[in-house]
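Working notes, structure below.
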Amino acid sequence: MAKDQLQVLNALDVAKTQLYHFTAIVIAGMGFFTDAYDLFCISLVTKLLGRIYYHHDGAPKPGTLPPNVSAAVNGVAFCGTLAGQLFFGWLGDKMGRKRVYGMTLMMMVICSIASGLSFGHTPKSVMTTLCFFRFWLGFGIGGDYPLSATIMSEYANKKTRGAFIAAVFAMQGFGILAGGMVAIIVSAAFKGAFPAQTYQTDPLGSTVSQADFVWRIILMFGAIPAAMTYYWRMKMPETARYTALVAKNLKQAANDMSKVLQVDIEEEQEKVENVSQNTRNEFGLFSKEFLRRHGLHLLGTASTWFLLDIAFYSQNLFQKDIFSAIGWIPPAQTMNALEEVYKIARAQTLIALCSTVPGYWFTVFFIDKIGRFAIQLMGFFFMTVFMFALAIPYHHWTLKDNRIGFVIMYSLTFFFANFGPNATTFVVPAEIFPARLRSTCHGISAAAGKAGAMIGAFGFLYAAQPTDRKKADAGYPAGIGVRNSLIVLGCVNFLGMVFTFLVPESKGKSLEEMSRENEGEEESGTEMKNSGRTVPV
């Protein structure tokens, strides 16, 4: 893009951190808070759904979701998220970030409520409607990924851009934490109001009829933070980079940024015609020029996100099974239904509080100091180390005296996932691609991640089953066991470390410098020379 255009963009790059930056973090971050809550709260109630809808008289253990139903309930939101990331990522580049931003939020509000109202008289009908609404919930969540990252990157200054984008993503940690806390409060309240015997004492009475309200309330709560954010999202102006570089309206871009950043920026109206006629650097996503400039970058961002999510989501969704395997959560038959929800939620909340949330904020504080590449490489390295440290002496960790050590090691894998690739894979795609393709490329990278999440969600569900078919959960074939599953996840993390070398470092550089959007054909391969130009005011 023409150098004449850089003055309004340079104002963004050198702007001091202001109140509006933090407002934008909260507005975009509340979407991610809701995203995480909605995606992960289902893992808190799947055991309860099995007890309520798949109880069998005379069975030695409480009812569980059949394998195909469990896979669908846990994974269908990821299918919707993948589709939403691709669709809304593309739409955000075509229609603008702001116009699409409200659509995704309203879809999340409506489908969160509808998920909790899933209707029907048979287990099949309830699970079918639940999966239907969770697919469309995931579709809305998917749009939030590329749009939130792109909006935050285009508002931020280059000095603290990484921290701002990472702070938006860090709200995911609070969403996971909130999911556990809501489940604890709701299950404890119902457990106190409707006491019941354990399953082995009274199989049918261990699941009180009121338990059906518990999972519905937990799922519907996700609509509240999304609804509270809608008004403020609609008041946000379009980002100056989209308005200037894609819509080619420099006057509007200058006016919008003058209002929100409280600085006077020259309108540069006389340059609008020149910018509109400039066709250099207008290559498309499927062009040879894009492949030459950004092909390896897109491969790097997509592959690392894909590999990270295989490990991250299999851990997060099914940590309740791992805790059960090592005895940290008592056998299901020794608890009633609501007590089981309470103890699963308590375990996941403890992990989130001690490792997940701190990991995110470590990234926020250090990403603009040590860089994206170093954090991502370090995160994958330590995830690999801790996975193998858990897997190789696995029998040692299952012994009663060593279970706390297992939980600490397991927590450290979460810490370095979040102080590592789980945050950086979100940040980097929003920084290194051209403005007119930024949302699309972020959506592609994020969708690759959700493909990995589906492999983790579906694959780990089967893989973690014991090698002895008789010891596997009802309806499941024999698997490779938890130990071998952890070894596989360790290898996946090692591959993530290798593919990280395809991803460029963007610390301290402007978006136009990273995307080389400031170059003409004759300048291809050169650095942007005037990013420090004084801004006329």
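Each Cβ is built from the backbone N, Cα and C atoms, and glycine gets one as well.
As recorded in TrEMBL:
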TRANSMEM  20-49  transmembrane segment
DOMAIN    24-508  domain 'Major facilitator superfamily (MFS) profile'
TRANSMEM  69-88  transmembrane segment
TRANSMEM  100-119  transmembrane segment
TRANSMEM  163-190  transmembrane segment
TRANSMEM  213-232  transmembrane segment
COILED    251-278  coiled coil
TRANSMEM  350-367  transmembrane segment
TRANSMEM  373-392  transmembrane segment
TRANSMEM  404-423  transmembrane segment
TRANSMEM  443-464  transmembrane segment
TRANSMEM  485-504  transmembrane segment
REGION    508-537  region 'Disordered'
COMPBIAS  508-518  compositional bias 'Basic and acidic residues'
With the greatest number of Cβ pairs under 8 Å to the transmembrane segment (100-119), the stretch among 69-88, 213-232, 404-423 is 213-232
Out of 20-49, 69-88, 213-232, 373-392, 404-423, what stretch is closest in contact terms to the transmembrane segment (350-367), meaning most Cβ pairs under 8 angstroms? 404-423
Which range out of 163-190, 213-232, 373-392, 443-464, 485-504 gives the transmembrane segment (69-88) the most CB pairs under 8 Å? 443-464
I'd like to know if the transmembrane segment (404-423) touches the transmembrane segment (213-232) in this structure, counting it as a touch only when three or more C-beta pairs sit under 8 Å and are separated by 6 or more positions. no
Determine which residues of the chain contact the transmembrane segment (485-504) at the Cβ level, with the cut-off under 8 Å and only residues 6 or more beyond its ends counted. 296-297, 299-301, 303-304, 307-308, 310-311, 314-315, 372-373, 376-377, 380-381, 383-384, 387-388, 390-392, 394, 421, 428, 432, 460, 463-464, 479, 514
Can you break down the compositional bias 'Basic and acidic residues' (508-518) into helix, strand and coil residue counts using DSSP? 5 helix, 0 strand, 6 coil
Go through 20-49, 163-190, 404-423 and flag the stretch with the largest number of C-beta pairs under 8 Å relative to the transmembrane segment (373-392). 404-423
